[in-house]
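Here the structure is laid out as structure tokens; the discussion comes afterwards.
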Amino acid sequence: MIDLASGPSAISVSATAVGALSGALFTVERRFGLSGVFCLAFSTGVSGSIMRDVLLQSGPSVILTDVEFLLAVLICATTGFFFSTAIRWVHPLLVVFDALSIGFFAVLGATKGVHAGLGPLGAILIGTVNAIGGWVLRDILAGDRPQLVLPGPIYAIAAGIASASYVVLVVGAHLTEALAAWVTIAVGFSIRMAALRYGWNAPTPIDLTPRIRRSKSSGKEH
């Protein structure tokens, strides 16, 4: 059993760092002040994991008890504040890291959900919350409508599918957690990148009422 969710690991710290750097760049582009940069870098990098631990009632979040996570946020926020232009030069790489973070965070949340004894749906929900929570809070703090609720390239769906993949592989197929983790990261990454490449957008509401009425009217005429 790998200890992905209960302490620092390459996956968990990397996911936190990518989220924090993304949050820092988000604020710099909007000309936020110093406190805003650090606040949103923190919220983007760690809020999903804190939400996860609150939902699981697992005591103080590992994000707050292990200094590696807070150092990652501090370093990435500082980098974004002072070197935003240089970071934009490697923006395509950041897009890749952002897509990778979906699987990273989904693995962390789903792992902890499985370890907590949750059923498959509960573990999938925790994984999804872990993956999208930071980005939702970032948008709210910035005064924007969360991208989660807007049409656009799928993000939450990718997180949900990635979380489901992990739970199915570990609970259903009894794969090792290490192997399931890497498969999950690949799934989340592939879906997000494909959505950006091919314009796969989240579906919008479809009103079937007129079609049903026309169908009924057509049936009466016959």
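Glycine too: its Cβ is placed from the backbone N, Cα and C atoms.
Going by TrEMBL, these are the annotated features:
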DOMAIN    12-83  domain 'Glycine transporter'
DOMAIN    96-169  domain 'Glycine transporter'
TRANSMEM  7-26  transmembrane segment
TRANSMEM  32-51  transmembrane segment
TRANSMEM  63-83  transmembrane segment
TRANSMEM  89-110  transmembrane segment
TRANSMEM  117-137  transmembrane segment
TRANSMEM  149-172  transmembrane segment
TRANSMEM  179-200  transmembrane segment
**Q.** For the transmembrane segment (32-51), sequence-distant contacts whose Cβ falls under 8 Å of one of its Cβ atoms, 6 or more beyond its ends
**A.** 12, 16-24, 26, 61-64, 69, 72-74, 76-77, 80-81, 105, 108-109, 129-138, 141-142
(Q) Give me the DSSP three-state residue breakdown of the domain 'Glycine transporter' (96-169), ordered helix, strand, coil. (A) 59 helix, 1 strand, 14 coil
Q: State the residues, same chain only, that lie 6 or more residues beyond the ends of the transmembrane segment (63-83) and have a CB under 8 A from a CB inside it; answer 'none' if no residue qualifies.
A: 7-8, 12-13, 16-17, 20-21, 23-25, 27-28, 34, 37-38, 41-42, 45-46, 49-50, 53
Q: Would you report the average pLDDT that the model assigns to the domain 'Glycine transporter' (12-83)?
A: 89
**Q.** Same-chain residues at least 6 beyond the ends of the transmembrane segment (89-110) whose Cβ lies under 8 Å from its Cβ atoms
**A.** 4-5, 11-12, 14-15, 18-19, 21-22, 25, 48-49, 52, 123-124, 126-131, 134, 155, 158-159, 162-163, 166-167, 170, 180-181, 184-189, 191-193, 196
